[in-house]
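So that you can see what the record holds, here are the features copied from Swiss-Prot:
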- 99-222: domain 'MPN' (DOMAIN)
- 171-184: motif 'JAMM motif' (MOTIF)
- His171, His173, Asp184: Zn(2+) binding site (BINDING)
Amino acid sequence: MTQQNTTLMPREKLLKYGASSLDDKELLAIFLRTGIKNCPVMQLSELVLAHFSSLRGLINADQKHFCQMKGLGITQFVQLQACTEMTKRYLLQELQFAQEFTSPDTVRMYLQTELENKDREIFMVLFLDNQHRLIKKEEMFLGTINQANVYPREIIKTALFCNAAALILAHNHPSGVSTPSMADRKMTENIKQLSELMEIRVLDHFIIGKGNYFSFAEQGWI
């Protein structure tokens, strides 16, 4: 990075070099816009990140915790929630308008934004057509903090109803650890076998943890 680059203010640096050139503190400073009394915006940004440990911690904070931080309030909370939701919808639209699912990373990022911070286990299915384009996504089963009862026949029933040719399975582990259990492996195999009887392919099963994930396809388990 050049000396000129390091002396630019965040807004000017973004305009000249792009958003990816900014670090977390600089990005947050643009979002905050102004500092508070005796605390310039860059210093406030640094304090906020230290308080929440990371951007992820800030984004995941509930309203009460968020607004307890000096310099933050309901306006910033609402704006941040709106930005987060727009990101989710952008990723979903990327999947919806893609000609086919050629980017597993886009699928993973979307599933992470949807499932990573849920406090209950949710089992989601992406239903795809024969060219692997998204038909619909559906939260099929909602469970407790550590378990969701999954009924493979209900998944197949929905797949047949929307004429899906392929499926991507996903669920979260609220514990934060994405390592699959034996029950996860058995359930995935049951869905795969039942799907094959109906000539429907299971392309992958993602398990989403806190800042980590597990892909059955990447491990060669599907």
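The backbone N, Cα and C atoms fix where each Cβ goes, and this holds for glycine too.
Taking the centroid of the Cβ atoms of His171, His173, Asp184 as the Zn(2+) site, the other same-chain residues with Cβ within 8 Å of it are Glu121, Asn172, Ser178, Pro180, Ser181, Ile207, Ile208. Residues 115-116, 118-124, 145-146, 148, 150, 205-214, 216 of the same chain lie 6+ residues outside the motif 'JAMM motif' (171-184) yet bring a C-beta within less than 8 angstroms of a C-beta in it.
According to DSSP, the domain 'MPN' (99-222) comprises 38 helix, 34 strand, 52 coil. In the structure as shown, the Cβ atom of Asp184 (Zn(2+) binding site) sits within 10 Å of 19 other Cβ atoms. Least packed by the Cβ count within 10 Å, out of the binding-site residues His171, His173, is His173.
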